[in-house]
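Just below is one structure, and these are the notes that go with it.
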Amino acid sequence: MSRGKEEAEPLLLQADSSHEAGTSQDSETEGPYKGGAKTSAITLQRPVGCREYAITGDYDPLSERDVDHPTSNCDTMIHLLKGNIGTGILAMPDAFKNAGLTVGTLGTVFIGIICVHTMHILVACAHDLCRRTQTPALSFAEVAEQSFRVGPPRLRRFAPYARILINCFLCVTQLGFCCVYFVFVAENLFKVLNPLLGLDWTFRDYMIFLLIPMILLNYIKNLKYLAPFSMIANIFMGVGLAIIFYYIFRDPLPPMNRTGINVGFSSWKQLPLYFGTAIYAFEGIGMVLPLENKMKNPQDFGGWTGVLNTSMVIVGCLYTAVGFFGYLKYGETVKGSITLNLTDGEVLAESVRLMMALSIFLSYALQFYVPIDIIWPHLKSRIPTEKMQLISEYAFRTFLVILTFILAEMIPHLGLFISLVGAVSSSTLALIFPPIINLLTNWNAGYGRYRWSLVKDFMLIIFGTVGCIAGTYVSMEHIIMGSSDEGK
């Protein structure tokens with residue numbers, strides 16, 4: 001009886017020595033708040049997991065934030081657009097090839113709605129947990145950790161591991177993006193420079209050529225100095241997309257019923273490849289909380305006409321348009337990036353490939369920033385002197401760039417690599433973890449009428465898990481088959 005009573009009561013975390021010992025390093029981490037405001041408050045003085053406190057608590061995390069350099073709604077929207085529009089949008093025609101025009105269109109809208117919904121779930125749970133922990137802001141990993149701390153008593157011991165797991169998947173995802181960037185830049189340079197300069201370089205020669213510039217670019221440690229590169233990348237990407245649409249609509253589009261176009265559905269065997277590419281393209285959930293945490297008016301982030309929905313509607317429309325019309329234009333000959341289908345030898349087409357290659361090259365350092373920011377502080381604390389810390393950091397950055405280079409060399413098929421990264425890590429972060437966090441955060445408050453929220457979250461978890469397993473299996477199968485064919 002005492003055990004049942006204990007599990008029914010909400011958890012009250014005391015400031016005991018054992019708890020502090022396990023979280024002291026995390027609680028000392030400073031965020032973007034003046035006065036060293038902490039981004040993870042672990043020691044709680046009130047019960048957590050109780051519905052009354054979640055609703056009536058007088059702590060408002062949004063009003064408590066005091067950000068050094070807050071971003072406007074427009075700035076946040078630009079960052080969201082930039083973070084979501086990259087190599088993924090250029091691979092959407094290839095995704096539609098694996099799904100068919102009808103299924104690809106409906107599937108892109110469906111996956112887009114689900115991904116935006118899970119972003120809203122994550123933000124809502126973050127706000128709830130911020131109120132309970134008296135913390136102005138939490139990161140993705142901290143939200144996962146705190147959701148386990150307020151969840152069912154039997155799961156609370158797994159809280160630290162939840163934080164580690166999220167950080168691991170964030171690192172895998174970002175490093176996967178960096179691998180894709182390596183392949184993308186090399187393929188486009190190979191397509192442009194060989195005929196232009198009369199070179200006889202192979203694709204892998206361009207990969208090696210890019211290694212040193214990539215390493216040097218990632219020696220830039222301050223985001224402030226990366227901002228100009230980001231601006232240039234945005235300009236190149238915008239102009240490049242405009243020219244791609246020009247090429248698509250320059251001549252009348254061929255009829256839908258021609259040979260080589262799947263109007264309805266492609267095949268069940270190819271569908272997981274579509275899923276991996278689509279979820280890769282929409283996977284911007286890792287940037288949602290960092291951007292919302294630094295907003296001047298974070299209350300404008302959510303809502304039907306908020307910053308998040310407005311940005312993602314634009315992103316979804318662009319993805320659908322590029323995927324639909326790109327596949328309709330080039331049919332079964334469409335490549336892993338639509339830039340590779342543009343007319344060879346034309347100055348405008350070659351300029352698009354160069355602009356896109358430079359845009360993605362300059363964006364590499366921004367994607368690289370996340371794993372460095374997660375991993376390096378843990379390594380730095382083990383190094384005694386500042387001089388050794390500086391040398392070790394550059395060595396670690398060099399090691400990670402070389403690691404992405406090696407992985408990219410092993411899987412030089414752009415479309416398959418994108419599907420693999422999307423299926424393995426993007427689906428986990430975007431589709432599986434947010435509903436789990438929601439279930440744990442609200443386990444003691446109820447799941448709504450007919451337990452609708454419970455059913456919905458389990459359906460999301462099942463959808464993400466099936467997509468992850470099927471997408472990973474089919475992507476690896478095609479990669480292995482492609483490698484075998486190359487070896488013959």
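Glycine is treated like the rest: Cβ placed from N, Cα and C.
Residues or ranges marked as region 'Disordered' in TrEMBL: 1-38.
Look at TrEMBL and you will find 70-476 tagged as domain 'Amino acid transporter transmembrane'.
Positions annotated as transmembrane segment by TrEMBL: 164-183 (among others). Listed by sequence, the residues of this chain that lie at least six past the ends of the transmembrane segment (164-183) yet keep a Cβ under 8 A from its Cβ atoms are 86-87, 140-141, 144, 207, 210, 214, 283, 286, 360-361, 363-364, 367-368, 370-371, 374-375, 400-401, 403-405, 407-408, 411-414, 417-418, 420-421, 424-426, 428-429, 433.
The transmembrane segment annotation in TrEMBL covers 203-220 (among others). Counting only same-chain residues 6+ beyond the ends of the transmembrane segment (203-220), those with a CB under 8 A from a CB of the stretch are 182-183, 185-187, 189-190, 193, 226, 229, 361-362, 364-365, 368, 394, 397-398, 400-402, 405, 408-409, 412.
According to TrEMBL, the transmembrane segment annotation covers 232-249 (among others).
The annotation transmembrane segment is assigned in TrEMBL to 273-291 (among others). Distant neighbours of the transmembrane segment (273-291): 71, 76, 79-80, 83-84, 88-89, 91-92, 94-96, 98-99, 103-104, 107-108, 111-112, 115, 118-119, 122-123, 126, 137-140, 143, 170, 173-174, 266, 301, 308, 315-316, 319, 370, 415-416, 418-423, 425-427, 429-431, 434, 467, 470-472, 474-475, 478; these residues of the same chain sit at least 6 beyond its ends, with a Cβ under 8 Å from one of its Cβ atoms.
According to TrEMBL, the feature transmembrane segment maps to 303-327 (among others).
According to TrEMBL, the feature transmembrane segment maps to 347-370 (among others).
Taken from TrEMBL, the feature transmembrane segment covers 391-408 (among others).
Within the chain, the transmembrane segment (414-437) has long-range Cβ neighbours (under 8 A, six or more residues past its boundaries) at 87-88, 91, 94, 114-115, 118-119, 121-122, 125, 140, 143-144, 147, 166, 169-170, 172-173, 176-177, 179-180, 183-184, 187, 272-273, 275-283, 285-286, 335-337, 408, 456-458, 460-461, 463-465, 467-468, 470-472, 474-476, 478-479, 482. Among the features that TrEMBL reports, transmembrane segment is placed at 414-437 (among others).
Here TrEMBL flags 458-476 (among others) as transmembrane segment.
Taking every listed stretch (232-249, 303-327, 391-408) in turn, the largest tally of C-beta pairs under 8 A with the transmembrane segment (347-370) is reached by 232-249. If you look at the transmembrane segment (232-249), the same-chain residues 6 or more away from its ends with a CB under 8 A from one of its CBs are 78, 82, 85-86, 89-90, 318, 321-322, 325-326, 329, 338-339, 342-343, 348-349, 351-352, 355-356, 358-360, 362-363.
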